[in-house]
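What TrEMBL says about this protein:
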type    : residues                                  : note
BINDING : SER17, ARG59, HIS60, SER92, ALA93, THR191 : phosphate binding site
BINDING : MET190, ASP214, TYR215, ASP216            : substrate binding site
DOMAIN  : 11-249                                    : domain 'Nucleoside phosphorylase'
SITE    : SER172                                    : site 'Important for substrate specificity'
SITE    : VAL227                                    : site 'Important for substrate specificity'
Amino acid sequence: MSQNDVVEPVIGLIGGSGLYDIEGLEEKEWRHVETPWGAPSDQLLFGRFEGVRCVFLPRHGRGHPIPPSRLNYKANIAALKISGVTDIVSLSAVGSLKEELPPGHFVIIDQFIDRTIWREKSFFDTGCVAHISMADPLCPRIGDVLEANTKALGISATRGGTYLVMEGPQFSTRAESELYRTWGCSVIGMTNMPEASLAREAEICYATVAMVTDYDCWHEEHDNVTVDSVIKTMQANSANAKALVKAVIPALGQKRELCSAGCDRALEHAIITAPEARDPALITKLKAVAGRVLGA
Ligand SMILES: CSC[C@H]1O[C@H](OP(=O)(O)O)[C@H](O)[C@@H]1O
Ligand SMILES: Nc1ncnc2[nH]cnc12
């Protein structure tokens, strides 16, 4: 953290299905960023918007070559951290699990249920164990900015909602979709975990704009989700997504104090391994994301 706890934000944007670039950036440059966990999904696009430093990452890579289960989530988040990112806005296509959240609607997520089973979920490992809080997994400070700007732009949006993260790549069975509805979930997608928990481990504030593209497969009056329907609705959503991004970057980019929700201090009381029991090789790697507490 910079001196006197004044943060000069760098805004990270993770673009999901159908969002592989970002318009309007000045001083644009695609650059490769290597991390101790390997390469991220693609080069990162560095630039400025109204003077605010931004870094864009196409989550699945340009052209969408990487499926959700094969994304190197650790490299993606580490690359953003290494690039100085303090605040991430995740943009994701999702299926709706509620009648009142139709295609075209945006949900500013506040909870996750993580049903993924194959993914590496932590930067920490044998030789340095950490347990961060995920009680409130998304940054409410960024959520406030997203909510205010969807209202100002007249975008149909809901503040709060649970995103069910499934492994994929196949879409859900109807029985699964109905089960998640009984759990009270709002939307379903395949990517935001462990992305959000790794961002928290890296002490980066993270919020999700879930853009509804379909009614999954439970709605009797709507067709079952297909890739075509997702991409068509994302194209229809894209003007709203672009307008929202352009509005929130300047709002999030102002100099500020530490995050009022404490996301940027998530590791403060999280590491349990005694200094003498730590693995020096792992500590060296971890410094890329946890240098604040482990010594840069
Ligand atoms: C192309 S439909 C399924 C695909 O779309 C969502 O991706 P993202 O969150 O990156 O927008 C969903 O999670 C699946 O990966
Ligand atoms: N119905 C759905 N299930 C999983 N991921 C999605 N992404 C967009 N729609 C989806």
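Each residue, glycine too, has its Cβ placed from N, Cα and C.
The structure, with features from TrEMBL marked on it.
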residue: SER17; record: phosphate binding site; Cβ contacts under 8 Å, 6 or more apart: HIS60, HIS64, SER92, ALA93, VAL230, ILE231, MET234
residue: SER172; record: site 'Important for substrate specificity'; Cβ contacts under 8 Å, 6 or more apart: GLY95, MET166, TYR180, ILE188, ASP216, CYS217
residue: MET190; record: substrate binding site; Cβ contacts under 8 Å, 6 or more apart: PRO68, SER69, THR116, VAL165, MET166, GLU167, GLY168, PRO169
residue: THR191; record: phosphate binding site; Cβ contacts under 8 Å, 6 or more apart: GLY16, ARG59, PRO68, LEU71, SER92, VAL165
residue: ASP214; record: substrate binding site; Cβ contacts under 8 Å, 6 or more apart: GLY95, SER96, PRO103, HIS222, VAL225, THR226, SER229, VAL230, THR233
residue: TYR215; record: substrate binding site; Cβ contacts under 8 Å, 6 or more apart: GLY95, SER96, PRO102, PRO103, HIS222, VAL225
residue: VAL227; record: site 'Important for substrate specificity'; Cβ contacts under 8 Å, 6 or more apart: none
Subject >> Conformational class of SER92 (phosphate binding site) under the three-state DSSP mapping >> reply: strand
Original post:
Relative to the Cβ position of ASP216 (substrate binding site), how many further Cβ atoms are located within 10 Å?
Top reply: 25
Original post:
So which of MET190, ASP214, ASP216, listed as binding-site residues, have a Cβ under 6 Å from an atom of ligand 1?
Top reply: MET190
Subject >> Contacting binding-site residues, sequence order - ARG59, HIS60, SER92, MET190, THR191 vs ligand 2, Cβ under 6 Å >> reply: MET190
**OP:** Please work out the mean pLDDT for the residues of the domain 'Nucleoside phosphorylase' (11-249).
**Re:** 97
Original post:
Which of the listed binding-site residues (ARG59, HIS60) has the least company, meaning the fewest other Cβ atoms within 10 Å of its Cβ?
Top reply: HIS60
Original post:
Three states by DSSP: which one describes ASP214 (substrate binding site)?
Top reply: strand
Original post:
For the recorded phosphate site formed by SER17, ARG59, HIS60, SER92, ALA93, THR191, which further same-chain residues have Cβ atoms within 8 Å of the site's Cβ center?
Top reply: GLY15, GLY16, LEU19, PRO68, LEU91, GLY189, MET190
